[in-house]
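The feature ATP binding site is assigned by Swiss-Prot to Gly169, Asp170, Arg171, Gln172, Thr173, Gly174, Lys175, Thr176. The site 'Required for activity' annotation in Swiss-Prot covers Ser362 and rests on sequence analysis.
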Amino acid sequence: MAINAQEISALIKQQIENFKPNFDVTETGVVTYIGDGIARAHGLENVMSGELLNFENGSYGMAQNLESTDVGIIILGDFTDIREGDTIRRTGKIMEVPVGESLIGRVVDPLGRPVDGLGEIHTDKTRPVEAPAPGVMQRKSVSEPLQTGLKAIDALVPIGRGQRELIIGDRQTGKTTIAIDTILNQKDQDMICIYVAIGQKESTVRTQVETLRQYGALDYTIVVTASASQPSPLLFLAPYTGVAMAEEFMYQGKHVLIVYDDLSKQAVAYRELSLLLRRPPGREAFPGDVFYLHSRLLERSAKVSDELGGGSITALPFIETQAGDISAYIATNVISITDGQIFLGDGLFNAGIRPAIDAGSSVSRVGGSAQIKAMKKVAGTLRIDLASYRELEAFTKFGSDLDAATQAKLNRGRRTVEVLKQPVHKPLPVEKQVTILYALTHGFLDTVPVDDIVRFEEEFHTFFDAQHPEILETIRDTKDLPEEAVLDAAITEFLNQSSFQ
């Protein structure tokens, strides 16, 4: 067989021309310190802030402190197998979590991994946990109501879609109950709900999940949980995971309600991380950027413009106070970021007034424009009337004689307090709220004994369901009150048939 030198040289040239180097250049470093969910590594010269890093044992971390000699890293997940001297690699990516429809009805951890024992979550969509909030021109003003089903909120401190409304109060004053009831009331409202449990007992989270399942609310809800037993980095990350999942739906033109229960525990976890990373402590040992921790989270809740789909994220962040002190550091930070707050009073709760909303300290800065016309008409002055009743009630403790006008205000105030009480997990449709508040503000309840108000309301709603469903339908469809004469006649008919005369 003859060897053709030209053919061989042509083949070699072709091979050289088509050669593509197939190798990866990965920047690696060495772990120099490990402990308490924190690692330090040397040798990662070009790492970016917030970049995902891969440890030798398969765990991941996030770069936080970029210093001249080493990098401070928070570890996402188990750090018991990581040792000093282990290799750590850059990934060139930032932290992302799975998002999409397949997460609905599931309970996941802050990394998007299922913890409910129902198998893998199949989705190929991911979103970064840290993302810029919509800009000024990408937003719309809040114009649609978000009905919580709670008379005290929908009448006194209404919430609109795209609003951030802080729920603040001491422990055991009913904050979580308000959130769960609001989620239950979103059934058939074309709303997706995300409940983020931060630093709670696992038994408590289990109870909330079972409540949602029992009332059929898990069909439109995602639960993100970072329990008290998990490392601080996961507690810090949980709210950002929740809002990343919410953004996926918002940019599809859908409406989302997200509950952060509660941000006080996230702030404590962030303080812990910052102190371990040797960042300079400030007031109450919190780092200087603790305001930015919450502002960049809550600014991602918005009602976006029609060009971006017209979707919304409504946020209900919680803050736990100590002895009702709403002037504390984290509390005032979040109050200044949000569009209003609902303050739950310890004294009111213990007096059996539930939900224990303090009308004087609670406000909604944008929700009023989202109220339906009917509710605006019946509840216009209710919050001020209730706050003035509380003041008058304090004066009556001195035992002075009262004139007829003051006595009438006190009588109306006592009945208002009773009407605004509501049992747990029984949200009320807005049309029923409007009818009972109309009866209250137009004096139909002034002669009803205070002790009978709860029974009066039950029979009142039963009567309207059976005898005058068209009135409820009118309010539901037109968002406005029917003719006053029609409503007055229906309420008078009920009073004539009942034993409350």
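Residue positions begin at 1 at the first shown residue.
Heads up, the Cβ atoms here are built off N, Cα and C, so glycines get one too.
Fair warning: this is a prediction, and the values are worked out from it, not measured in the lab.
Counting other C-beta atoms within 10 Å of each candidate's C-beta, the recorded positions Gln172, Thr173, Thr176, Ser362 are led by Thr173. Arg171 (ATP binding site) sits 17 Å from Ser362 (site 'Required for activity'), counting Cα to Cα. For the pair formed by Lys175 (ATP binding site) and Ser362 (site 'Required for activity'), distance between Cα atoms is given as 14 Å, rounded to the nearest Å. Most Cβ neighbours within 10 Å, among the binding-site residues Gly169, Gly174: Gly169 holds that distinction in the structure as shown.
Counting every protein chain shown, 18 other Cβ atoms lie within 10 Å of the Cβ of Asp170 (ATP binding site). Residue with the densest Cβ environment among the binding-site residues Arg171, Lys175: Lys175, by other Cβ atoms within 10 Å.
A Cα-Cα distance of 11 Å separates Gly169 (ATP binding site) from Ser362 (site 'Required for activity').
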